[in-house]
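A.B. asks: Summarising the annotation, TrEMBL assigns domain 'Transglycosylase SLT' to 2-230. What TrEMBL lists as active site is Glu39.
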Amino acid sequence: PDNVQNGVVFWNQYEDALNRAWQVYGVPPEIIVGIIGVETRWGRVMGKTRILDALATLSFNYPRRAEYFSGELETFLLMARDEQDDPLNLKGSFAGAMGYGQFMPSSYKQYAVDFSGDGHINLWDPVDAIGSVANYFKAHGWVKGDQVAVMANGQAPGLPNGFKTKYSISQLAAAGLTPQQPLGNHQQASLLRLDVGTGYQYWYGLPNFYTITRYNHSTHYAMAVWQLGQAVALARVQ
């Protein structure tokens, strides 16, 4: 709950930027707040590893992914040059992820925006981070105003599940599932299964849920982002 309250504080502090991101990119505040909350607890845990060291180490110590990390290292150095930052001063995660939204350098290059209008793209500036996360989502297919997921009545233990699955609504009905809310015009969904301790909860995953998984390829991650954002939205109006 205190974690949710931190989200309320962040949302209230940056409400203008969040609403502007919603207008410009179509991504609602609760999704952006959810991402930044899961990634860094709204800026409290952004990583203390020098990014230069992290990326250099990964480039040399992991042959299987050397090409990827050396590319990230090169992009990071170009970013530091362009933004006139000292590359030795920038800190982030062990994997080289940066700022409020934990962008890798390649994501910075493709999706980061100067949302504060100061002429610099700074992932450690919450306003730039908000715009950049929203731009990332729009670029990965977020549909403005559409649902994310709908809980199902019933169980379907025999069907493969996860964000990569795809079923027609009639297939899911034949397996014994019905949506707890209308699915709008959606004719297809992924089947999501969450372990809630006392059993399994099934959900219809819609295209916007898949878009959240483009940030981190995990059903549980996407659900955590969505549900945290909803919890913060609810706490704001109480």
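The backbone N, Cα and C atoms fix where each Cβ goes, glycine too.
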A.B. asks: Just to confirm: which same-chain residues, 6+ apart in sequence, have a Cβ under 8 Å from the Cβ of Glu39 (active site)?
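C.D. replies: Correct list: Tyr100, Gly101, Gln102.
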A.B. asks: What average pLDDT is reported by the model for the domain 'Transglycosylase SLT' (2-230)?
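C.D. replies: Overall, the domain 'Transglycosylase SLT' (2-230) comes to a mean pLDDT of 98.
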